[in-house]
Amino acid sequence: MMGVNSSGRPDLYGHLHSILLPGRGLPDWSPDGGADPGVSTWTPRLLSGVPEVAASPSPSWDGTWDNVSGCGEQINYGRAEKVVIGSILTLITLLTIAGNCLVVISVCFVKKLRQPSNYLIVSLALADLSVAVAVIPFVSVTDLIGGKWIFGHFFCNVFIAMDVMCCTASIMTLCVISIDRYLGITRPLTYPVRQNGKCMPKMILSVWLLSASITLPPLFGWAQNVNDDKVCLISQDFGYTIYSTAVAFYIPMSVMLFMYYRIYKAARKSAAKHKFPGFPRVQPESIISLNGMVKLQKEVEECANLSRLLKHERKNISIFKREQKAATTLGIIVGAFTVCWLPFFLLSTARPFICGTACSCIPLWVERTCLWLGYANSLINPFIYAFFNRDLRTTYRSLLQCQYRNINRKLSAAGMHEALKLAERPERPECVLQNSDYCRKKGHDS
């Protein structure tokens, strides 16, 4: 039940904190000894029951706050829980490393994939690979021992710098990929990156430099990380929190959503523009007449025009399919990115305003769930691109089957097969007239 303070008003503060932060020392609404009985004042009081919480079955909240700032919440796991959690975290780490290594190897060693637009995918894979190698193992160890940081003060700052830079680089690369896809679809002839491979490395370098701009301030005194013997937490300074979350997430997410909207709009416009109503059918009466030869000549000319129209429409259909595929791919990328990272950044933005700048008062399991959901984005990125890219799929399959020598040949054969499929549609004039009596008669005579 919700408590009532001395003035008769509902005790909203105590009610909310009893739900969000159980077992934590909370202020109590109680009149101070010399104060007016009608005025409530803050009198800190530690809640009872901490020993009971610490003695609960594993996994359980430790319930002790081991430093002055109130940081250091820990979870005591039993042996079975540690085995299950450790196995899951190890599997996530290994799959992330394997998937992103496949991307890097595929683009670097397969000639057909060495295109400027694929450099962005390599940059994304390197960022995600860095997360899996330099960040996730230390988070895994910290989580397995209940949330206590054991790697020291100096390495805490190094770890936070690596975590922020790699995750931000991954997010910003996804943003640049969305811009690249949009320009490639809407400006295929004028988009310079497609023709000039020198521009793409500059864009990638800009992404990593901007990511470093978020990493460096805590190292040079603008905002100090929360760092003691048991806690390693990024700075909770209000200004730095707003700056870092905006640059690392909210602005890139807004750009990605806008690019997806523009590609989706272009695909719908292309679908409406290139609808093919069908060819006009030639009536038999127009062929079988007294002036049959003249009529036939006119119909042959009309069929030739329709054949050219068919070629043009086939090209339009190819453009439409490419736009539709780009819209679908980018939509799934944006959706997965938002689902993975939005909870973490909402929590990171709100945390200083809820808990203050000294430490985090959010339950440890909530923070870790949101954090691992964000790390999962580094796992699924290479599989998303492989699912929508036939060349990457073929290369993955060949690498996993240790068939290294025939990769380029297989990609060339697959590309030729796709081109032949597009050219399979009939173009002969008499095929347009196949419903006419003349064509049926000609086929019967032959």
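Quick reminder: no glycine exception, Cβ is built from N, Cα and C everywhere.
Topological domains recorded in Swiss-Prot put Gln74 on the other membrane side from Ile263. The candidates are Asn67, Asn305; Swiss-Prot tags Asn67 with the feature N-linked glycosylation site. The cysteine that Swiss-Prot pairs with Cys232 in a disulfide, picked from Cys156, Cys340, Cys355, is Cys156.
Cβ packing within 10 Å was compared across the recorded positions Cys156, Cys232, Cys402, and the lowest neighbour count falls to Cys402.
Spacing of Cys156 (disulfide bond) relative to Asp163 (serotonin binding site) is 10 Å (Cα to Cα, whole number).
In this structure, the C-alpha atom of Asp163 (serotonin binding site) lies 12 angstrom from that of Cys232 (disulfide bond). Beyond the ends of the topological domain 'Extracellular' (142-153), by six or more residues, the same chain brings 62, 72-77, 82, 85-86, 89, 159, 227-232, 364, 368 to within a C-beta distance below 8 angstroms of the stretch. Take the CB of Asp163 (serotonin binding site) and look out to 10 A: across all protein chains shown you find 22 other CB atoms.
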